[in-house]
Structure formats: structure tokens, C-alpha cells
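Database features, via TrEMBL:
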- ASP63, ARG212, TYR216, TYR217: L-histidine binding site (BINDING)
- 276-303: coiled coil (COILED)
- 3-59: domain 'WHEP-TRS' (DOMAIN)
Amino acid sequence: MAERAALEELVKLQGERVRGLKQQKASSELIEEEVGKLLKLKAQLGPDESKQKFVLKTPKDFDIAGNFDPMIPDAECLKIMCEILSSLQIGDFLVKVNDRRILDGMFAICGVSDSKFRTICSSVDKLDKVSWEEVKNEMVGEKGLAPEVADRIGDYVQQHGGVSLVEQLLQDPKLSQNKQALEGLGDLKLLFEYLTLFGIDDKISFDLSLARGLDYYTGVIYEAVLLQTPAQAGEEPLGVGSVAAGGRYDGLVGMFDPKGRKVPCVGLSIGVERIFSIVEQRLEALEEKVRTTETQVLVASAQKKLLEERLKLVSELWDAGIKAELLYKKNPKLLNQLQYCEEAGIPLVAIIGEQELKDGVIKLRSVTSREEVNVRREDLVEEIKRRTGQPLCIC
């Protein structure tokens, strides 16, 4: 028990160190090294038998002999990634794919020692940000790699393309002799077949420089980047890096299985903060406000003592499926209500006043144009739906 307690304390301290390095924005190499130490400590710790056991579930068609096609879920993940990025309308994008087995095999045939695999991997991963000469200088000058080894790596990692590149490398006299690389290339060829069937192969590029820093990836890796376009007037060039990424990590989850079973895993993540920064920048360049609400219309009053009328109207709009709201003050000033709409990006204001109540109309105001029209109360729902693009009621 004392030994386990000591290990748990080491895991806790190492976890704090990793979090601290991330907060300090330390180098990816240092973070990767410390994450590796943390994973090793967790592996030594093993499961806590005193705690409630959990069962790791695998796909129904998966068996222990591995008789399943891992490229199907990998292709599905890439399809999902493309659908999400397309729906966000943040610009043209490209998904770069590679395989950690190809990288490891490539480093091996180029003459990189096992102890330098990961540190050289992190250098190669910088090729999307700096030139090959800078990457080579780092590998040779800072990491002690022989220049001729770096040159051999350069011959490979500067290549990118589609399935034709995969087929070309399958015929490479050196790479095709490495078991790991051959397995990775075979899977990538199959992956491209599925991507073609899914209709997204034109969005995918096989990029030998893609490395992904985390050490737990075991197979296919991928990363989505926005394609740079000439900046519009008033718009800064975008430099946010990847907006989505993922890969296969078959050995990670099994570390926490008491029986050490292999659990196939693949996943992806979307860079929400980076995407928000892109959207905000483009809206600022277009001088458009970011909408902070889905509300389509604010129910407002022009005079005091009309709270009940506002509540009646907002209820009618809710019942008709209109996204409406009102300010909670009993007697808000009309100017404050209009300013709230401008700040929140609410496009329409339905204004109730004493004269409108007498005439049986609602004054509908466009927040952007400030144009106002009187609409008969019974026609208000249809008019709001027409202006907001909602389906009209066919009665």
C-alpha cells in the first residue's frame, strides 16, 4: 500500500508539472517528454483494485484477433471533420494525413537512432511553419543528427499528394522493406479508397511532414488547416494553425484495463477557440457584430405600464415558434430596449404603444435599417417568419 501511495503522489506531481508547462507555453518537445513520463508512471501504477471496476466496451464486430477494418472508422472521422468544417463556412480547408508507422519506418531507414525518433519527429512537425533549411539546421545543430541523415529525411518529408504518392512509396526500394512503413502505407491506400467513396478525397492530402507531437498515436494521424487566401481590406492574414486534428491511438485506453486488453480507438477534436478567433476577425473586418443570441425579435414597449401587453405578445410569438424575448424591467425606456437589440444582434423589434393597441397593430422595426412599419397583429407572426426566413404557415 505504501508503494502505491508513493506512486500516486508521483503521478499527481507529474500531472501538475505537465499542466504547468502547458500554462507556461513551454516547448512542445519538453511537454511531450513530460507527458511520456506521466504515462509511464500511470502504467506502473496500474488499476486500483479497491475502486469499482469498469468494463471497456469495444465495437460489436471487433474480436481479440483484430478481425476488423480500422480504416472504416478512420474514414468516418475524416468525413465528420469535413462536414463540420464545411458547415462552419470559415473558408477552404485541407486535411493532411499521415501514419506514425510510416514516420517511424522512414526514420529507421534514414538512419535515425531509436532514442532520437521523437525529438526528430517534433522537428519535422514544424515544416508547415518554417522552411526545410531551418528544420534541418535544428536537427543537425541542436539535436546532433548527422547532415546526411537529415538530407535523407528531407527527401521524404517534403513530399505530399494523394493516393498516387502512397502507391509510389509502396514501390520505394527502401521504405517498402520496412515492416512498419509497409503496414502504414497499406492502410493509407485503403483509407483513400474509402475517402473516395465518401466523396471527400479532394479535401485530403497525404503529407509526410505531418507528425503530431503526442506519443500515444499508433496509426493514422490527421490535421485540418485553413487554406490561406489573400487578405481582404482591413483583414489581418490568418495564422491560427490547425483547426481540427486527431488520429488512432490503439494502445492508450488499454493501459487502464486490468487485463491489459487492446482497445481500438480513433478520434478527433475541433479547435473551437481558434475557429472563434477566425469568425470574430472576419466579422470585424466586415464591420459586422457577433450575434450573442438566437433571438429573432424583441418585444418592446413605447410607454410605461405596458408590461402585461408585452407578456401577452411574447407568449403569442413563443406559441407560434418565434424566438422572442423581452426585457425584465417593468417600464424600460424604449431607447434602452433598442440599444440592447443592437448590442445582442437581434434583427427585429416588435413595439407596443398605446396608439398601436387602439389601432390593433404592432410596429415592427428593423434594427439595422431602422425602418418601421405597422403590421396588423394577426399578421405579425407571418411577417416575422417572412423576414427571418422561417417556413410560412399554409392554412
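Placed from the backbone N, Cα and C atoms, the Cβ positions cover glycine too.
TrEMBL labels come from automatic prediction, so no person has curated them.
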Relative to the Cβ position of TYR216 (L-histidine binding site), how many further Cβ atoms are located within 10 Å?
18
Below 8 Å Cβ to Cβ and six or more residues apart, same chain only. Which residues does that give for ARG212 (L-histidine binding site)?
ARG100, ASP125, ILE221, GLU223, ALA245, GLY247
If you draw a 10 Å sphere on the Cβ of TYR217 (L-histidine binding site), how many other Cβ atoms land inside?
23
